[in-house]
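Visitor: Pasting a structure below so you can have a look.
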Number of protein chains: 2
Amino acid sequence: MLEFKITKKDEETSARLGELKITHGVVDTPIFMPVGTLATVKSLTPEDLCEMGIKIILSNTYHLYLRPGEDLVEKAGGLHSFMNWKHGVLTDSGGFQVFSLSELRQITDDGVYFNSHIDGSRHFFTPEKVMDIEQKLGADIAMCFDECPPYPCTYKEVLKAVERTSAWAKRCKESHTRTDQALFGIVQGGVFEELRRKSAKEIKEVEFPGYAVGGLSVGEPKEDMYAMLQVMDESLPTEKPRYLMGVGAPEDLVEGVKRGIDMFDCVLPTRLARHGTAYTHKGKITVRNAKYKDDFTPIDEECGCYVCKNYTRAYIRHLIKAEEILAPRLLSYHNVYFLAKLMENIRTAILQGEFSGFYNNFFENYQY
Amino acid sequence: MLEFKITKKDEETSARLGELKITHGVVDTPIFMPVGTLATVKSLTPEDLCEMGIKIILSNTYHLYLRPGEDLVEKAGGLHSFMNWKHGVLTDSGGFQVFSLSELRQITDDGVYFNSHIDGSRHFFTPEKVMDIEQKLGADIAMCFDECPPYPCTYKEVLKAVERTSAWAKRCKESHTRTDQALFGIVQGGVFEELRRKSAKEIKEVEFPGYAVGGLSVGEPKEDMYAMLQVMDESLPTEKPRYLMGVGAPEDLVEGVKRGIDMFDCVLPTRLARHGTAYTHKGKITVRNAKYKDDFTPIDEECGCYVCKNYTRAYIRHLIKAEEILAPRLLSYHNVYFLAKLMENIRTAILQGEFSGFYNNFFENYQY
């Protein structure tokens, strides 16, 4: 179950406003999805996310398969029920994680053998196995199992990954049966324009209700990522939702929207928070730095979030230094709110036909 | 500034209902004060505490002196402003911590030399120094600097501690000048009835608006603690608030109230939470245990807190196993709520003249 309607198109760029209807509600796009790897957006409750207007989160199939296991989540009534989240959930396919996190992986045309990063135990993911896991997890949107090559990589290696990703996409679609869950295809191709076009063509031929751009933001220069997004903008169907996987730096969200991306996800806001870093409209600040010791101003004076309304940099720095749990909680709240608000402002700008002005204004202020 | 009014006395025990008016509001007693050691009740926000009806918390002078330092807190406008907490705060004196946490301590009649547990740096606490720190921290209630002997301890050692505590109480009172902050005296005496009576007599002679019972729950058998509380009940003025320091196990709260105690504090609810343990009306449960793996019931079916209304044991166990920050957050919320609710039920029972019935019912259910 998925419907996507583009409600407004920007005249100067590929930015567009959309409404994504999924089993658990309607999501206004472009949207940023916070990551709840293990069925929890680290340190935050569902109520915290609701306060920020978050309507969809991402959870990780690889991690949930290992802990607590898809069978337990299914027994709990699926991810929504397990974690008490009433809005949308998207699960990735584990494709990225088996290549980046696990050890001793061995790729065959049938699937991927890998060792758990937790206890070293041996596992085998095939497209069919991943579909089974994702259907048990029960997200609104599931992702196809793909091969995500590292960066840098040779043309030949990426070609092989593109071919496997296409073959696996067909097998995923064939074994996916849940009608309350939409299955998205993933385009690979590294930073090779030709392979990106080939992958897009092949994945489009399988036909999915939405398409994701995978294998970017894996170490390549930003210009290469933006160039590939340009290629994707030209290659993917206009009327379907487009999801840029694993990308969430503020500047990349703005650049992605400009190139026609509707959905994003990233662990950055919560990961940075756990390392004492916060977003501001001028760029990131490292709150643990000594210069904030007696700075009694909020993290970002232009931010209207709960944290900025109630706490000072000096207090949060003290919490960080003392290794208090409240530090990552407050900074996670602020950082996720910051990205949610950024996307809201982007949507408003598109609606008002002012996206280019917004774009210029953003980059005049934001240093990265 | 402190007013205390006893509004109802139980007819069968020493339990009493009171109203404690402090600079930041009115507190209904008997009350449990959650501990916010470093100006944060670990993992919880002030809003979380307000939701539970918490009206006063405790903060630790020793810890705040070391990090971030009393001068920074004063510069922030005091503890309330620093941590964004609008209700009551009580600061202890560091007496317990310099004896239990620090290293290489050396006690003289003038004060205590000690090494920081963080970086080993050398410090010297005198009654005057502690008053200076506590006044800068700016809590509603400050505590006198006392000598808290360990358990077990000889009569002679405890006698010396009682004498020092009395002498220091006078010096504390003399150097304490803030009129918006009440200063409480502390009674020591270990498990020696004679010394408890001597200490109570001497501290009463200095005259304070409230009296604390220190040096209990430091390793002695529970019967000894309860016996000493009996002695304290006989020795302390009836009309002044009585605070039992560092005690917060549910059974001890009930036993303490029975013996005329009005105020309690303890790190247990949040510490147990961080170790995966939760209170229930039947006793503590170790949520990380395998038997809760697929237990989709709440922590405590009789509890009406946010956590019990929204999450299962299975989910919280998963969070604990995965070392997710949300685990201590949810369990801390539940455990602090549990004690807040227990005190509320105790107050209701006293008000309705049914404390003895409550007492019997509690111990019929609660296994410890």
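Cβ from N, Cα, C; glycine included.
Please treat TrEMBL annotations as automatic predictions, because they have not gone through curation.
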Visitor: Where TrEMBL shows B:Cys303, B:Cys305, B:Cys308 binding Zn(2+), which of B:His275, B:His334 is named for the same site?
Guide: B:His334
Visitor: Choose the correct range: of B:100-104, B:145-149, B:215-219, B:270-274, which one does TrEMBL annotate as region 'RNA binding'? Give that range.
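Guide: Checked against TrEMBL: region 'RNA binding' maps to B:270-274.
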Visitor: Looking at substrate binding as recorded in TrEMBL, which candidate out of B:Gln135, B:Gln181, B:Gln188, B:Gln230 goes with B:Asp92, B:Ser93, B:Gly94, B:Gly95, B:Phe96, B:Asp146, B:Gly215?
Guide: B:Gln188
Visitor: Looking at B:43-49, B:106-112, B:169-175, B:246-252, I want to know which stretch TrEMBL calls region 'RNA binding'.
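Guide: Within the set B:43-49, B:106-112, B:169-175, B:246-252, TrEMBL attaches region 'RNA binding' to B:246-252.
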Visitor: Please report the DSSP secondary structure of B:Asp265 (active site, nucleophile), reduced to three states.
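Guide: Assignment for B:Asp265 (active site, nucleophile) reads strand.
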Visitor: So of all those recorded positions, B:Asp265, B:Cys303, B:Cys305, B:Cys308, which one's Cα sits nearest to B:Gly94 (substrate binding site)?
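Guide: That would be B:Asp265, nearest by Cα distance.
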Visitor: Take the Cβ of B:Gly94 (substrate binding site) and count every other Cβ within 10 Å, whichever protein chain it belongs to.
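Guide: That number is 28.
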Visitor: I'd like the per-state residue tally for the region 'RNA binding' (B:270-274) from DSSP, helix first, then strand, then coil.
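Guide: Once the DSSP states are binned, the region 'RNA binding' (B:270-274) shows 5 helix, 0 strand, 0 coil.
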Visitor: What is the nearest of the binding-site residues B:Cys303, B:Cys305, B:His334 to B:Ser93 (substrate binding site), using the Cα of each?
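Guide: Given the candidates B:Cys303, B:Cys305, B:His334, the nearest one is B:His334.
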Visitor: Taking Cα atoms as reference points, rank the recorded positions B:Gly95, B:Asp146, B:Gln188, B:Asp265 by distance from B:His334 (Zn(2+) binding site) and give the first.
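Guide: Given the candidates B:Gly95, B:Asp146, B:Gln188, B:Asp265, the nearest one is B:Asp265.
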Visitor: Work out how many Å separate B:Cys303 (Zn(2+) binding site) and B:Asp265 (active site, nucleophile) at their Cα atoms, rounded off.
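Guide: The separation of the Cα atoms works out to 21 Å.
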Visitor: Excluding B:Cys303, B:Cys305, B:Cys308, B:His334, which residues of the same chain place their Cβ within 8 Å of the centroid of the Cβ atoms of the recorded Zn(2+) site?
Guide: B:Pro298, B:Ile299, B:Asp300, B:Gly304, B:Tyr306, B:Val307, B:Lys309, B:Tyr333, B:Tyr337, B:Phe338
